[in-house]
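Colleague: Before I ask anything, let me first share the structure, which is written out below as structure tokens.
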Amino acid sequence: MKIKITAEEGQYNAHDAYMHFERQKWAELRDNVELTLSEDDLRQLQGINESLSIQEVIDIYLPLSRLLNLYVKTQQRRHTVRDKFLNSKNENVPYIIGIAGSVAVGKSTTARILQAILSHWPEHPRVALVTTDGFLRPNRELVARNIMHKKGFPESFDTKALIDFVAAIKSGKELISAPIYSHLTYDILPDKKLHLEKPDIVILEGLNVLQSASNYPDHPQRTFVSDFVDFSIFVDAETQLLKKWYVQRFLKFRKGAFTDPKAYFHSYSQMEETQAIDISEKIWDEINGVNLEENIRPTRDRANLILTKATDHQVDSVHLRK
């Protein structure tokens with residue numbers, strides 16, 4: 001049975017640009033889409049600090065994958081109309097899905113889930129995932145510019161390279177390469193590249209995918225990554241939750257990845273837990289929290305869809321642009 005949601009049921013403010021759906025109402029929009037992921041698949045998709053459940057995928061991500069599939073098929077039909085008009089066959093350009101949000105909100109997990117589910121739809125089996133972390137400037141350059149403490153802020157990215165990359169995707173270029181960032185070494189891997197070959201969909205995940213000229217009216221750059229994004233998602237949560245999740249993740253890294261002698265933050269693994277908590281809170285207060293309020297959250301209302309998370313990392317409401 002098909003579930004029909006009217007605009008009146010969905011909207012929560014007549015003057016708002018979004019329709020609001022509580023979790024259960026959104027889950028009803030799944031429309032019999034089958035779950036193709038197993039428990040093992042979910043474990044591989046989980047972030048460092050999330051308890052991703054099958055129910056979360058069923059309630060939130062299956063309806064979202066259905067919506068995205070409809071959008072992608074609509075674009076493909078437009079390409080067919082174009083080809084009929086031109087009386088020629090042209091290659092379809094990839095559909096770009098942008099995923100933005102704060103550090104520690106779970107953007108990467110959302111991106112990996114969508115990549116896994118969307119690749120099972122027959123209309124678009126080739127789904128690539130790219131993180132904008134790969135377009136951070138190398139540490140040596142950040143040090144030379146005296147902005148190492150601003151890593152993750154707009155000025156720490158090679159914005160021209162990132163825009164050239166997404167422009168190449170939208171130009172239909174068959175083989176495209178992207179730099180790879182290592183969270184272990186906290187730097188770009190100089191000898192490694194991510195290669196994209198004729199993807200149907202590209203999921204672009206990062207802090208800065210929704211930034212636009214409206215966020216930087218005095219900036220000389222007039223082209224932004226968001227200009228190339230077909231559908232955008234913002235993963236949101238209250239600031240105090242984000243700080244809590246960041247500290248929890250930091251402590252897990254301290255006992256995990258940071259213990260590797262090659263890790264940039266290896267010294268943190270030797271600290272007492274109370275000291276590690278103090279340092280992680282300081283990093284949040286002076287860097288990540290500031291970046292969130294100044295550069296990330298102001299882009300939220302540009303998203304086509306907002307996923308709002310509650311205390312347990314589970315999405316409790318969805319906002320869909322009208």
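Just so you know, glycine gets a Cβ as well, placed from its N, Cα and C.
According to Swiss-Prot, the protein has these features:
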BINDING   Gly101, Ser102, Val103, Ala104, Val105, Gly106, Lys107, Ser108  ATP binding site
Colleague: Quick one: among the binding-site residues Gly101, Ala104, Gly106, Ser108, which has the most Cβ atoms sitting within 10 Å of its own Cβ?
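Modeller: When each Cβ's neighbours within 10 Å are tallied, Gly101 tops the list.
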Colleague: Setting Gly101, Ser102, Val103, Ala104, Val105, Gly106, Lys107, Ser108 aside, what same-chain residues sit with their Cβ within 8 Å of the center of the Cβ atoms that define the ATP site, listed in sequence order?
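Modeller: What remains near the Cβ centre is Val235, Leu242.
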Colleague: Where does Val103 (ATP binding site) sit by DSSP, helix, strand or coil?
Modeller: coil
Colleague: Just going by other Cβ atoms within 10 Å, which of the binding-site residues Val103, Val105 has the emptiest spot?
Modeller: Val103
Colleague: Give the sequence-ordered list of residues that share a chain with Ser102 (ATP binding site), lie 6 or more positions from it, and have CB atoms under 8 Å from its CB.
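Modeller: Set apart from Ser102 (ATP binding site) by at least 6 residues yet with Cβ under 8 Å, we have Leu207, Val235, Asp236, Ala237, Leu242, Asn288, Leu292, Ile296, Arg297.
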Colleague: Would you count the other CB atoms within 10 A of the CB of Lys107 (ATP binding site), including those on all shown protein chains?
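Modeller: A 10 Å sphere around the Cβ of Lys107 (ATP binding site) contains 23 other Cβ atoms.
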Colleague: Looking only at DSSP and grouping its letters into three states, which state does Ser108 (ATP binding site) belong to?
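Modeller: Ser108 (ATP binding site) sits in a helix per DSSP.
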